[in-house]
Amino acid sequence: MEEQGALLRARKSLYRLYFKGLVIEETTVTLAGFGVAICGDKDDLVFDMKGPIHDPSITVLEAELIALKCGLKEAVSMQIKDISICCDDDQIFELVMGRSTPEQESIALLMRDVQGIRKYLRSSIPVMLTRNHDNFAYEFAIEAILEMPVPPAQKENCSICMKDDINADQMFHVAKCGHMFCSDCVRSHIEARLSTRYKLRCPGIRCKSPLTYGHCVNILTPELKEKWEKMINEDLIPVTDRVYCPNPRCSALMSVADFSGLMGVRRSCVKCGKPFCINCKVPWHINLSCRQYKRLHPNPTENDGKLRDLANEERWRQCRKCQHMIERSSGCPSMICRCGHNFCYHCGGDAGLCYHGHDFSPPRLRNPTRIRSPTRMRFFFGCF
């Protein structure tokens, strides 16, 4: 009877094991640590322990199980026989209860160690903590991480500006190809590409990996964001369907589809609300038909005249299909406009039907030879 009473008193004086593993991901480094607290039945602290975890690929679940493993080992070394395992996470509680099977090998190995240590205890009952019950080990885990020495930031090299002392958090990684450059150089590259309306690609030599707006938005200035968003909206509209507001203070881009179903030629800008003629591409001519307006205004406007003079001086060409002005920057005379029209930059004639050396085919042939690859060009959004 006395032995049974002693055993009953021992089982009543249970200990409680609190454990916590934490992982904090900084910009350039991952910090991890654990804390352990063993308390009496009245939550009086009997033992505490904390320590760092030196593993850059550690997960939170692995850190939690490492803390539990260390706490159980200490309980056994203290010759504690009965202890409650206080869990504050449902997944860990299910694993310790044996109602969940770990899928990852690392988790399975840690759980094997945990269950092996529990065999040295007379009882180790998992208990799920309520929200208003503090985990005493949390503060020890925090302290373990704060006491860890932070390694110096790794320096990187940019192959564009050739600087070799750039912090890793100031580097930009191209998502598809993995090429890495400093954010300043990538930002300048994007600015140049947007100004010439070339395709936005990786700055790497001969690399054609695309740059996407979503991946680059964090390094863009507000001005570059506006330009890129404008280009995205323009590219969604076919060239032949684009309509620009003639109000010089607006110039908003619209689509012919925005006015589908409307009768007549009078339209209103979707941005500034000013009325204009969609046929003449000018502010609305009150009480005048399009034919009457063109008869009264046979000459181009002042701005159109300046554009024509500049085009003649710089030897630009105007696409006969969509009327956009084009400047050739390099390549052969064969031009392919964004609207798909092929023409000769020297004479303006249809490609393949002139004598300027770009796969000339005599006019009698019905199917002229295909021209070579498109020439680089710049577009000027004006027509006359």
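Glycine residues also receive a Cβ, built from the backbone N, Cα and C atoms like all the rest.
TrEMBL entries are annotated by machine, without manual review.
According to TrEMBL, the domain 'RING-type' annotation covers 154-367 (among others).
What TrEMBL records for 158-206 (among others) is domain 'RING-type'.
Note on the domain 'RING-type' (154-367): its mean pLDDT in the predicted model is 80. DSSP places the residues of the domain 'RING-type' (158-206) in helix, strand and coil in these numbers: 17 helix, 9 strand, 23 coil.
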